[in-house]
Amino acid sequence: MGVFQIAKDLFIPVPPATRREPGHLNQDLDAAQASNLNDSRLTKLEDNEDEFETSSGLTENIYDIGSTHRKLLNRHIQLIGIGGTIGIALFVAIGTALSHGGPLSLLLGYSFWSMIIIMVTASCAEMVCYLPISSPFIRLAGRCVDEAFEVTAGWNYWLLESALVPWELCLVNTLVHYWRDDYSPGIPIAIQVVLYFFINVFAVKLYGESEFWLSIGKVILSIGLIFFTFITMVGGNPEHDVYGFRYWRDPGPMAEFIHLGSLGRFQGFLACVISACFTIAGPEYVSMVAGEAVNPRKNLPNAYKQVSYRLTLFFLGGALCVGIVCAYNDPLLLDAITNSKPGAGSSPYVIAMTNMRIKVLPHIVNVMLVTTSFSAGNSYTYCSSRTLYGMALDGRAPRFFSHCNKNGVPIYAVLAALAWAMLAFLQVGSTSKKVLTWLVNLVTAGQLLNFLIMCITYLHFYRACKVQGLDRKSFPFVGWCQPYLSMFAGIVVLVMVGVQGYTVFIPGGWSVESFLFSYLMVFIDIAIFIVWKLVKRTKYRDPAEVDLVTGLEEIEEHERIYYANLEKYGDQPKKWYHKVGAFMFGG
């Protein structure tokens, strides 16, 4: 295949086919559409309108033409779910929370917020598993609540994910500075942008494979640091120091933050909860792959159910371990936070390794942090593009962003996400870097608002199901104790939206910059909602008229073809590393 053909397949969109009655394929594919399909593929479609075998042993159907393809397997989804929740903050930024609250406050704060995230996940999972379409929780916000609410949800999430793309690119560069800084920051940034381009523009399965392996690295790092904590605390370190829970006794379990006494200890706990709000990701990463998942109504519930285990093992385990290996008043920790030491230098684990005179492990940790940050940027690129794609499908963004290439990739939406990546080159200039820092800080509150949107959407979804007589017990995933868990989680998230920037209102703490960092996205979202509401004259959805059907036909067609092909062809042979991955994380 020539270069021009490859470029055509990547950048020239395939017009979507319109589904008609069987026997009318030629009516679905006009001349313009047929010209974008190669002869062999068109012949297979003409021989059997509903299905044809692919090299992976799965199937495609008429819905795959001009839209995203369902190529992500269960193992991809499982690891994307794990990788989406584990970020570099779990290993580095968590040290700031430790210094503010102490080990007990850190563990309690992360435990509390993990419970809230599990509630949000249970709510989101029920909606998405019932209707696993592209950008599901965003588009359901429009179907169940209000069109203006969907627009607000979509642009809020898109701004959040897009701004984090250049941030992660710069973070990788900072991690590399742990070893040396005698090079131009533009070099690693340019390399990452090129890699993101190739991973995201060819086929979604390439993204799935890359995240599968990168997420395994995150899992290994998380579990490895848990073992490191246990081994060293019982004396397995060069100093042969059996330190156990020493730092829980001296300097103590709870630190004082801002004020002294009981108020200071409470504020330390609150600081840990706020840290958890921006460290622990929710169900959004699993949700965003719903439109490209193979057999989604079976595989997605499994991924959502693993959230509670992941949160318990990785985040609660991490919060416990950090408080064991490092004192909240350790001079090296305080110095690293104050001077923003690059890479793993600010990690409580690396500080503990330094105190124990362990020389090799800090470099290994930094290597794993580089892959963790790269994976995060890759995920943000994917989520940014699929958010824009989902909005374009419903006319909430320019329609051309819904155009997909031959591989089922929304190419223009991906290019828009990569355009944000260009902002990373601001790091080349010391003053311009402040612009990027401002941008990321301004949209950070969008993560909390996203959780609030999910809870509100679910309450309306629940009401619509009840009014329309849908039996929730027949759904692939049924949230427990609903709608009460969603109500409670929504109230707590709403409170945290207001509380997360409370220090700006403390006497002597006022700063316009800090106020904007904490609350600007709230005002932006309110403005988006009001403007769209007034301009489009949208109406609040009557639960009896909520659309809970559109999209089910494609999903049911996919399932019918998928199971028919499994029965006909059976499972395709897997390579050894696929078997290992299937054994560890689901086939």
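Using the three backbone atoms N, Cα and C, a Cβ is placed for every residue, glycine included.
What TrEMBL says about a protein is an automatic prediction, not a curated fact.
For 76-540, the entry in TrEMBL reads domain 'Amino acid permease/ SLC12A'.
Marked as transmembrane segment by TrEMBL: 79-98 (among others).
According to TrEMBL, the feature transmembrane segment maps to 110-133 (among others).
Taken from TrEMBL, the feature transmembrane segment covers 187-207 (among others).
Taken from TrEMBL, the feature transmembrane segment applies to 213-236 (among others).
Distant neighbours of the transmembrane segment (257-281): 84-85, 87, 89-90, 93-94, 96-97, 100-102, 105-106, 108-110, 112-114, 117, 311, 315, 444, 447-448, 496, 499-500, 502-503, 506; these residues of the same chain sit at least 6 beyond its ends, with a Cβ under 8 Å from one of its Cβ atoms. If you look up TrEMBL, you'll see 257-281 (among others) marked as transmembrane segment.
Remote same-chain residues near the transmembrane segment (307-328) are listed as 81-82, 85-86, 90-91, 94-95, 98-104, 106-107, 109-111, 114, 117-118, 121, 222, 225-226, 228-229, 232-233, 244-245, 247-248, 250-251, 255, 276, 279-280, 283, 286, 348-349, 351-352 (criterion: CB distance under 8 Å, separation of at least six residues from the stretch ends). For 307-328 (among others), the entry in TrEMBL reads transmembrane segment.
Counting same-chain residues at least six beyond the ends of the transmembrane segment (409-429), those with a Cβ under 8 angstroms from any Cβ of the stretch are 10-11, 13, 68, 161-163, 165-167, 169-170, 173, 184-186, 189, 192-193, 196-197, 200-204, 377, 380-382, 384-386, 388-389, 392, 400-403, 435-436, 439. According to TrEMBL, the transmembrane segment annotation covers 409-429 (among others).
What TrEMBL records for 435-462 (among others) is transmembrane segment. Remote same-chain residues near the transmembrane segment (435-462) are listed as 116-117, 120, 123-124, 126-127, 137, 140-141, 144-145, 149, 152-153, 156-157, 159-160, 163-164, 166-167, 170, 277-278, 281-284, 423-424, 426-427, 472, 479, 482-483, 486-487, 489-490, 493-494, 496-497, 500-501, 516-522, 525, 541, 543, 546, 548 (criterion: CB distance under 8 Å, separation of at least six residues from the stretch ends).
Taken from TrEMBL, the feature transmembrane segment covers 483-503 (among others). Within its own chain, the transmembrane segment (483-503) is flanked in space by residues 116, 119-120, 122-123, 258, 270, 273-274, 277, 445, 448-449, 451-452, 455-456, 458-459, 462-463, 509, 514-515, 517-519, 522, which lie at least six positions past its ends and keep a Cβ under 8 Å from the stretch.
The feature transmembrane segment is assigned by TrEMBL to 515-535 (among others). Remote same-chain partners of the transmembrane segment (515-535), defined as residues 6 or more beyond its termini with a Cβ less than 8 Å from a stretch Cβ, comprise 146-149, 151-152, 155-156, 159, 438, 441-446, 449, 497, 500-501, 504.
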By Cβ distance under 8 Å, which residues at least 6 away from the ends of the transmembrane segment (79-98) in the same chain are close to it?
72, 106, 109, 171, 208, 211-212, 214-216, 218-219, 221-222, 225, 271-272, 275-276, 278-281, 284-286, 289, 303-304, 306-307, 310-311, 314-315, 318-319, 322-323, 326, 328, 333, 336-337, 344, 346-349, 351, 365, 369, 372-373, 375-376, 379, 581, 585
Please give the average pLDDT for the domain 'Amino acid permease/ SLC12A' (76-540) in this predicted model.
89
Same chain only, please: residues at least 6 beyond the ends of the transmembrane segment (187-207) with a C-beta under 8 Å from a C-beta of the stretch. Say none if there are none.
10, 56, 68-69, 71-72, 76, 165, 169-170, 172-173, 176, 292, 374, 377-378, 381-382, 385, 405, 407-409, 411, 414, 417-418, 421-422, 424-425, 427
